[in-house]
Structures are given as structure tokens and as C-alpha cells.
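Chemist: The structure is given below, and queries will be raised subsequently.
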Amino acid sequence: MIWLDEVNCTKTAAGLDMCRHLGWGIHNCGHSEDVGVTCYGGYETFTGDLRLVEGDTPRDGRLEVYYNAQWGTVCDDNFDIVDARVACRQLRYSTDTAEIYKHGGASSNTKIWMDQVNCAASHTRLENCGRSSWGVNDCNHNEDIGIRCFGKYIVNGNWGEWSVWSLCSASCGHATQHRQRLCNSPIPSAGGSDCNGMDNQAKNCSILKCPVDGDWSEWSSWNLCSATCNGGIQDRTRQCNSPPPSNGGLYCNGTTIFSRPCNNIFCEIHGQWGQWKEWNFCNTTCGNGFRNRSRECDRPYPMFGGSECIGLNFDIQVCSQNTCPGAQQQIQDKSSNSFSAGFVGGVAVGCIVITAVIIFIALLILRRFNPEKVLKRRRNECRNDDLSQLRITSQPNEYECTGRSIGTQSGVYDTCSNTEVVTAQTQCNTDTIDSGTYYNSQFNVDSNEELYENLKVQ
């Protein structure tokens, strides 16, 4: 019989019977057109594998077994239906229904590999059944066994070709490519096993580093204000390093410095003296007198807690007018020289005394208007006077009673060390000095060096 003609298979077909054809037994051929094929690769053949040849259908034919790299027949001695069922299961048919018959016709050079086969129902391969040794038999090819199997042909799945690799999952950094394959060469059927192994493969595919955009660090602490008053600026900074930009990434968006105003309070303005005004007129019309001038603490005025000007706001200067009438007598003659000289001297001394009294009164008045000024003690030859008798003097210290001063001034108890700046309100400290000791004490008052003389410890 010629069973198939115009066969047209796809690569996924599990067998010729699954390919397109004209139909079973429909053909326009003769046996001179029978096709033959030589197979390479494909399924590997192992010792004990079975096949059916020269049958009317793929399900029946002469039973052959593979051994020692060639196919050979099975003798029908003692071969029964149990053995046929084992052979059909090994040939991957789904039922235990089978038939046996004699099938001669093998060529004379074909080996007879099996004889006296005796299988149990539990066997899965014919080679494992009881039998004679390989090639040991007392048969000829007229006794070759043929079988016919029933049920569906069990097809185990086999993998098809791998697909092409997919595109890389990312253009940089860690990325992968994938490919798949299908269990379709053939597709498992009639209870056949699925393909063994993975249907997906992956591999790394990117070698480029991704751009990393920069990000800001935390702000630093505020730095010191640029000014202590009248308004300043203080800054804080941050860095584009968390992380820094790399591989072409963008720099941080924004500024690295943030500023704010600080110390918006007015600065202290300390007072400064203005120019001296013109001198006033001399306070006498003849002889010696004094005149004064003043100045204002207005260049600038002290403001916003600034200090007042340091020093006096007035200045005194000795002045001299015309000689007072009668202060000098013309010498009339030689005999009256002595009288005239005495008269003139007396007048001069009187003018000096009057001038001194005027100056002293003026100083007392000025002292009243400048109570912070501390006067120096006059020379008193170590007498025990209180500080109310202090006055200004530039006379040097010619006495041996030296040490520190103690006394009472304006109700304040003063004990002051040498070169101490003191006022009537000052409370000073001193070392202990024995009671009754006389001494002088030198001080700085209003930036002038002054001398307290002949003080006695009480």
C-alpha cells in the first residue's frame, strides 16, 4: 500500500500523520516513487530501543530492537500478548491493547537479537524482560515477530529553537536581555512528558554607567554676622555632594549660599567735643584776672547708649589788663626811693592776693558745676585735715609722709591707691597703714596727674 502522498509538514509536527497530505491511501504514485530518508542528529538511539518496520500503518509492523549499533529482529518463540503490551508501552502507545503476528521478510544479513522473551506486566522495556542473551537464538527470519499497537501515540515534549535575544531592558546601569523557547518540537500529547528545563534565559547586557544627578547636602550652621550693629549679613552654605553629579548627570538646582540680615540695631555713637567758643572778656578792668571759654559735646551728640564726652566743657585762662591806678609811683627823687619802692611792692602784693582770691572763688564756682572733679590736698605739713580741703596744685612732693590717702569727702569714705583715678563718689581699696601715719598720695584725675599731700591716717 502507498498510504501518504503530497506530504507537507511544519517543523512543529510531531509525526508524518500530523502533517498535511492527500488522505490515507489516496495517491497517484507507484512504488518506484517510494521516498527514503537518512536521519542525522535528532533523537539519540540507545541499546534496547524498539521500532516497527514494514507495517501497513505506523502502529504495526515487524518488531526490531537496537543493539551493538544496529537494528535486529525478535524471534516469536514464547512471545505472547504480555510481551507485546510491554513493547507497545515502550513504543509510547497509551493503551495495553496489542496484537501479535508473524512478520517475515527481513533481509538475511539482519541480526536476530532476541529469543525466548518472557515479560511481566510491570516491565517497561523489552530488554529488561527474561530472554536469551543478545544474538543467541534458534530461529530464522520466518519466525520474526510482528505486533500491532492501539491507543494514542504518546508524544513527549521537546524544545523548539530559542528566540532571538530581546532588547536590553535599560540603556545604562544594570540591565538584562531575555529569550524564550517553546516546548513544541513536538508538543507533548497523549500524556507525554513536558520538556525538561527552563523556557527562558537572561543575560546582562548594559556596560554603560547611568548618569547620576547631584543632590544638595544639609545647610551648614549660620556664620558670624558681618557687623555687630547697624545691620549686617550672615550666610550659610550647602554642597552639591549628596551625591555629586557623575556620568553626565545634572548639577543641583539652586544656590549654594543663603543670606539673611542680622544685628539690625543702631551702633552706639560716643560723644565728641565740638570746637571751643571764643574767649569771654577778662573779668577785671585792670591788673590780673581770668577769662573762660566753653565747648559743646555735639560733634556728634552721644546717641544709642554712647558715652558722654571725656573732659571739661570749659577752659580758664589768666588774663592781664592795664595797670591799676596808683599801682606804681614815679620816683621823685633819690631820697624817696625807699618809700616808693615799698609802696609799689605793697600794691603789687595786694593785686596778687586779690587775683588769687578771685581765681579761688572762680574755681570753687566751677567745682560746684563739675562735682566729679576731685581737688588736690594743699600742703599742710602733715596736719590731719579731711578731704574737703583738697585743691589743685602742681607743686612737687617735698615731704616724707608718703603712702595712701584716707579721709572723708562729701560723705563718702575714700581709701585710694597711688595713681588711681578718683572722684567724690569713688570707693577705693588700699593696704592697711598704721594709724597716725603722715604721707602723700599721687593720683590721676581727669587725665591730669595730681598730688594729695600731707595726709594723716585716722
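Cβ coordinates are placed from backbone N, Cα and C, and glycine is handled just like the others.
Pulled these from TrEMBL:
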- CYS9-CYS19: disulfide bond (DISULFID)
- CYS75-CYS139: disulfide bond (DISULFID)
- CYS88-CYS149: disulfide bond (DISULFID)
- CYS119-CYS129: disulfide bond (DISULFID)
- 1-40: domain 'SRCR' (DOMAIN)
- 50-150: domain 'SRCR' (DOMAIN)
- 339-366: transmembrane segment (TRANSMEM)
Chemist: On a simple 10 Å Cβ count over all chains shown, which one of the disulfide-bonded residues CYS19, CYS75, CYS129 is most densely packed?
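Modeler: Answer returned by the neighbour count: CYS75.
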Chemist: Which one of these disulfide-bonded residues, CYS9, CYS119, has the sparsest Cβ neighbourhood, judged by other Cβ atoms within 10 angstroms?
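Modeler: Across CYS9, CYS119, these disulfide-bonded residues, the one with fewest Cβ atoms within 10 Å is CYS9.
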Chemist: How far is it from CYS19 (disulfide bond) to CYS75 (disulfide bond), counting Cα to Cα, in Å?
Modeler: 34
Chemist: Give the three-state DSSP assignment (helix, strand or coil) for CYS88 (disulfide bond).
Modeler: helix
Chemist: To which of the disulfide-bonded residues CYS88, CYS139, CYS149 does the lowest count of other Cβ atoms within 10 Å belong?
Modeler: CYS139
Chemist: According to DSSP, which of helix, strand or coil covers CYS75 (disulfide bond)?
Modeler: strand
Chemist: Take the C-alpha atoms of CYS88 (disulfide bond) and CYS139 (disulfide bond) and report the distance between them in angstrom, rounded.
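Modeler: Checking the Cα atoms of CYS88 (disulfide bond) and CYS139 (disulfide bond) gives a distance of 23 Å.
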Chemist: Between CYS75 (disulfide bond) and CYS119 (disulfide bond), what is the CA-CA distance rounded to a whole number of Å?
Modeler: 14
Chemist: Measure from the CA atom of CYS139 (disulfide bond) to the CA atom of CYS129 (disulfide bond) and give the result in Å, rounded to a whole number.
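Modeler: Per the Cα atoms, CYS129 (disulfide bond) and CYS139 (disulfide bond) stand 19 Å apart.
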Chemist: Among CYS119, CYS139, CYS149, these being the disulfide-bonded residues, pick the one whose CA is nearest to that of CYS9 (disulfide bond).
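Modeler: Minimum Cα distance from CYS9 (disulfide bond) across CYS119, CYS139, CYS149 lands on CYS149.
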